[in-house]
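A quick write-up on the structure given underneath.
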Amino acid sequence: KEGYLVNSYTGCKFECFKLGDNDYCKRECKQQYGKGSGGYCYAFGCWCTHLYEQAVVWPLPNKTCN
């Protein structure tokens with residue numbers, strides 16, 4: 001599974017500005033989803049890879065980013 005890293009309180013994606021390989025996204029994805037995951041910056045949001053099937057990613061139901 002893959003998807004955008006999301007803040008569970010706000011419903012917002014984690015923003016990033018250095019597209020492609022991005023240490024911030026890699027670190028945040030690993031912290032949120034575990035060591036096996038990876039991440040990079042895609043369309044100014046952290047995109048996480050190698051997630052477990054039940055991982056919660058953006059968009060969250062009934063939560064809009066404010």
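The backbone N, Cα and C atoms fix where each Cβ goes, and this holds for glycine too.
As written in Swiss-Prot, here are the features:
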- 1-66: domain 'LCN-type CS-alpha/beta' (DOMAIN)
- Cys12-Cys65: disulfide bond (DISULFID)
- Cys16-Cys41: disulfide bond (DISULFID)
- Cys25-Cys46: disulfide bond (DISULFID)
- Cys29-Cys48: disulfide bond (DISULFID)
- Asn66: asparagine amide (MOD_RES)
Legend entry - Number of Cβ atoms other than its own within 10 Å, given for Cys46 (disulfide bond): 25
Inset, instruction - Would you kindly give the Cα-Cα distance separating Cys29 (disulfide bond) and Cys41 (disulfide bond), rounded to the nearest Å? - result: 11
Inset, instruction - By CA-CA distance, flag whichever of Cys12, Cys25, Cys29 among the disulfide-bonded residues is nearest to the residue listed as 'asparagine amide'. - result: Cys12
Inset, instruction - Check the domain 'LCN-type CS-alpha/beta' (1-66) for me and report the mean pLDDT. - result: 95
Inset, instruction - Compute the C-alpha separation of Cys29 (disulfide bond) from Cys46 (disulfide bond), stating it in Å without decimals. - result: 8
Legend entry - Where the residue listed as 'asparagine amide' falls in three-state DSSP terms: coil
Inset, instruction - For Cys16 (disulfide bond), list the number of other Cβ atoms lying within 10 Å of its Cβ atom. - result: 22
Legend entry - Cys12, Cys16, Cys48, Cys65 screened against Cys25 (disulfide bond), Cα within 10 Å - retained disulfide-bonded residues: Cys16, Cys48
Legend entry - Candidates Cys46, Cys48, Cys65 (disulfide-bonded residues) with Cα within 10 Å of Cys16 (disulfide bond): Cys46
Legend entry - Number of other Cβ atoms within 10 Å of the Cβ of Cys48 (disulfide bond) across all protein chains: 28
